[in-house]
Amino acid sequence: TISELSIAAALALTSEISWESKLRRETTIIELEKRGQKRVRFGNEMEKLEKAVIRNCRLLRAIPSWHMVPGQARWNKVEQLSTPLFCYAPWKNLPLRVAGGTRTSLFNSVSLLYSTRYKNGVRIDPRLAPAGKYRIQNKFGMLTLDINRCSLEDSAEYSVEVKNPYGEAYSFATVFVQKYYGKESGFDSEIYKRLLTGQEADFAFSLKPLFSREKEPFTLSCFFSSDLLQYQRDISWFRDGEFLKDSDRQQIKCLDREASLTVLGAYKEDEGFYTVRVPTLDGYNEQSAYVFVRDAAAATAGAPGSPLNVKCHDINKDCLLLSWVAPSDSGGSPIFGYFIERSVGTDEWVPCNEMPVKTCRCPVLCLTEGKTYQFRVKAVNHSGISNPSKASDPVTMKDPSEEKRVMTIPYDDGKKIIISKDELEGKIKIPLPPTNVHASEIKEDYVVLSWNEPDPRGKEPLSYYVEKSIAGSNSWQNVNLETAVNSPRFALFDLVKGKSYCFRVRSANKYGVSEPSLPSEPITAGTTLAPLPPPSQVLAFRDSKTSVVVHWDKLKEGQEPLGYYIYCREVGTDEWQTVNNKPVTCNKFTVPGLQPGKEYVFCVKSVSEAGVGDSSPESDPIIVRPAISRPSAPRDFALLSCGKNDMTIGWKAPKHKGGGKILGYFLDQHDAVELGWHEVNIRPIAQRVYKVTNLNEGHFYEFRACATNMAGVGKVSEPSDLFKCEEWTMPQPGPPYDVRFTEVRDANLMLHWEAPLYTGTGPVTGYYIDVCEEGSEEWKQLNKQPTASTHMRVSDLETGKCYIFRVRALNKAGIGPPSIPSDPVVVETKPGTNEIELGVDKEGFVYMAFETPDMCDSSEFIWSKDYEGPPDPNRVKIEDKGNKSKIILKNASEKDLGTYSVEVTDIDDEISASHTLTQEELDNLRKISHEIRNPLIELISGWNIDVLEKGEVRLWLEVEKLSPEAELHLIFNGKELSSTPTHKINFDRANGLIELIIQDFCDDDKGTYTAQLQDGKAKNQFTLALVDDSFDKVEAEAAAKQRDWRRKQGPHFIENLQWKVTEDCEVLLTCKATNMKKDTNFKWFLDKKERLDGLYDPQTGAGTLRIKKDKGIYKAVVSDNRGEDITELDLSKEALSAKPLKVQPTAEGIRIYSEVKYYTDYMKTTWYHKYKRLESGERLKSGSTMDQIWLHILNPTDSDKGKYTLEIFDGKDSHRLSTDLSGKAFEEAMIHFYLSFFVKLYFKPLAVNCHCNTVFTIFLKQTLCLTCCISGDPYPEITWFKNEKVVVFKDRYKMDVKGIVVTITIEKVCSDDTGKYSIYVKNKYGSETGQVTISVYKHGEEPLELREK
């Protein structure tokens, strides 16, 4: 370290001088110090001192006995240097010679092979240093190193190493370069004392931009390479050049290796360039970073951002001027004003203006002298009001001229006499008028009047009254009669635009009012203050992976903006993003935080008192990539093969390629016996392996190289090791080379290398891979058996650790030397790593795609199959677009199975991926491909038959939405139908609805209906067979509805005949008709004989008939010229005719019912289970119709087994019907109940008919449909839930209600759609809930549920 070098230099200088000289030197220094000066040795005196030191060293050092060395070896062996190196302390900017001598004889026949000099262990190469810096000589055994113009960086440990075939010798010296600092210099200087304390700390990492948000804290931290020294702990922080202090809002901390600045509750005023400055001996080191403060979320959507930089100006007794800066974000609509609020040391904020202020500057009046105020501002647009700005600094209202009215007269060593003008002007009663009335500020909305106080003013406090008059008239009007002005400032807000006014002012005190002042010059309200024009020539330049430099031209002279706002937009989107929320005053700004590889455009707006101006023209689009620079130096040279007069040299590519393709390399060679370097090639070498010829056998050579790209030639590498030009004859193979890695993921990576150029006595049969943890020298062999290929996947590594790899080749003679070790690699998956994506395109071709997060202009995608080379071009097609590459299989088959890998070239960070295409994946992709190439129009609802009210038959089906070009061909019994009045065809393409309405349905309509659809490539056909029983049923229903419709055209019954027993034990028959006229007849019949004792109310249409014991068939008839209607009731035999109980499984449970001939509400029914009376509840529902009585058991369980009994009371007798729901009957019912849950899985879409709790599965990117049937009167309200949260229907979620069918559709399902879905329906009579659980799986992962089914 520097401190150790300093101590060694001090010891050397003191130990080599005799005690007499030392005493004389100290005496001289003391004498000189008494005279206030200090002598420093320069020139010849310093040279004499160094010669004396060398002489003393030779005398003091012990010379070992040479009697033990026999014969000739005594002179040939180099055991030590006769004149070792010693410590030096030269002065800055003076030359230095480091010398040492060898013991070899001048006449020795064995000379030194070579000598090497080092600085701090690094070999000194004069060719790499500035010209003339170093000079190395070897004259008759005296080795010298001349250092020209020493600098402080030359302080180091220098050593020399000499060798010959009999041995080697080594010596070192420490050099400490001194600098003249005046009186306190040398070892007495403060700098030297500081050097003894330790090495200075430096920044370990650079500061990076920080993104924060309003009202949220942020911390900016920097880290150091070592502990801070004591004098370095005085760290300073700055924001935009302003020194920051520790306060309640910002905390500054300094630890041993970390310094931080924390801002509690950030405001937009805290945005800016932050600089941290660390003291050093030569000054200071500093780093800077920009901190962005985003707007907090507004209380109202669309409201603007908050204003900033609220400041107070021209503070007087009762008024001041307030200014602020408009926000960068207008919220989407223009800002048309601002509201000002004030506070007097409390949390209560009082509005200062009722109407919004248009500009960013406004006077505030009616303030109280002596009070302390703070102000804040809110922006307003058509959507709402913004959050308040940061409060201004507190200001106290006072008279600014008060200090000028006080005179201080000093006397007698510090004593003062203070005289106030108030005391001198105490005799003045009525004040004089003010002077110099003028407009100090003229704006569109206001004019600020200013004047000078009367002189002399008088002792009493003054107030002022302002009068105005239209210019040219002599009619004066008092402006502030109600409120006196206490300051020589007054703002008027109500001036008529376009008119000129004159103003005069009167002074007033308790004694009276002065005469008016002289009128002001005519003053006219200002014109509208327009925003400044936008800057021009906005240019964007590349900077780094995530940043772009934006430059623009400043505005013309005379147009001084408050700053500029920068905005960016990603190409392909419409939304502009605000870059900075605090205006920048420069015309160049680095925009960080951009997405690598994305394309952006930028614009700039000017900021002034009028607000934010219009946008500048957009910059040209720019892709976010690093700026192109020259590459770094090549490295790690290796000798790959050697002949008698040639060498094959290999090297690694530069670590930093400069953002462009390496166009080639320039190679230099150096013979150890020569001084200069020689070019090997004139034109760039494309490869990193080159055969150097015309060399001298037996000589030692070293090599160096530099790379070149579009930016130019990069740095020259360090020289390689010395390689001896000697033909290789070893039987083992040479070293492999270019060991590199790809596909670095957690715990594994792919290792690649090139085969050795020298194969020895036989071909290479395999390779062994060794691994070593970084920092360790222990190599471990990974593979027990040699691998034949030049790549291998290395697995089972420890995630997060750093490893180094090397490779050794094997042939029949044995294992050769290892390769140059690979670069260190941390085995972990980097954030943002992409993998190869499989899919099928719109044309039905199977593809594999890879998107890189980072690339440069010259980057290419290199695809490989099974790591053997590019895929067969006859089988694949490769397409590159932007940062995405796609390999398309022309005809996907088993020949395409294998591992596909891709690498991105010409970037510093390794980006690669691979994927193994399996048979299962290929089958799935080919299936999708077939469906895309042969698409089917998707059926949503098959053929349905509806009989309309008039007896018309409607045949309809529903498919997916079709394009306007879709075609329909409706075929009936082999012939195409066309739309006619009797057979009307409707084709709604937008909704995918096809319908055929048949007016008079008859036997001619019996047959097969086929709808043939085609929409582009997609086609399908759907057939309905309307024959036999299905046709007869539809025909009967159509005829019945037609008759019923015709019946309802005339008088008809709305309540059929029914009976009840009266209190007199008589049976009362009742019915009710409607659509009656005056001439409508109502008749009663018993067994076809008319009864005249029946009653009929023409107003209500109600008819009644009392009977006692008359059995028979009763009939009521209503008729007129429009038609007639009849209702009958059979009371001839039993009152009830019920069939045995039946059991019917349903989707909800088990239904037990009995069919009856007729049933009325007056019949009482009771259900029993195992002789226990049943009541309707959540699980049990009972009811009846005219021809059926039923009990519905929902979600049945084993406890529902047993005997069920229905008891019916018809007014006279009780009738019982029973059935046994147990054993085989119960099991069969439960089987049918579970079968009702069966779900059919379509590839696309997936339809689920859900009636209760169950679990279903679906694959990614398919369409999910959940369908339920609901009913109720009134129609129930419908709510869908997902995981107990209400589903919002937008984007991929859609709901469709058609009659009693409710469907929820989720398009392109993803893993986020997994969960429990439920439908909740409710009306005034109750509610119901249905649930289903959906599990989403990836393609290729067959769910357990599907395998079981």
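Note: Cβ is positioned from N, Cα and C throughout, glycine not excepted.
TrEMBL does not curate its annotations; it predicts them automatically.
TrEMBL lists 214-292 (among others) with the feature domain 'Ig-like'. The DSSP breakdown of the domain 'Ig-like' (214-292), given as helix, strand and coil counts, is 6 helix, 43 strand, 30 coil.
Under the heading domain 'Fibronectin type-III', TrEMBL lists 306-400 (among others). Secondary structure of the domain 'Fibronectin type-III' (306-400), assigned with DSSP and counted as helix (H, G, I), strand (E, B) and coil, comes to 0 helix, 38 strand, 57 coil.
Here TrEMBL flags 433-531 (among others) as domain 'Fibronectin type-III'.
Positions annotated as domain 'Fibronectin type-III' by TrEMBL: 534-627 (among others).
The annotation domain 'Fibronectin type-III' is assigned in TrEMBL to 633-728 (among others).
Look at TrEMBL and you will find 735-832 (among others) tagged as domain 'Fibronectin type-III'. When the domain 'Fibronectin type-III' (735-832) is classified with DSSP, helix, strand and coil residues number 0 helix, 48 strand, 50 coil.
Annotation source TrEMBL lists domain 'Ig-like' at 1051-1132 (among others).
Per TrEMBL, the feature domain 'Ig-like' maps to 1245-1335 (among others).
With helix defined as DSSP H, G or I and strand as E or B, the domain 'Fibronectin type-III' (433-531) counts 0 helix, 43 strand, 56 coil.
Model confidence over the domain 'Fibronectin type-III' (433-531) stands at 88, taken as the mean pLDDT rounded to a whole number. With DSSP states grouped into helix (H, G, I), strand (E, B) and coil, the domain 'Fibronectin type-III' (633-728) comes out at 0 helix, 43 strand, 53 coil. Residue counts for the domain 'Ig-like' (1051-1132) by DSSP state, with H, G and I taken as helix and E and B as strand, are 0 helix, 52 strand, 30 coil.
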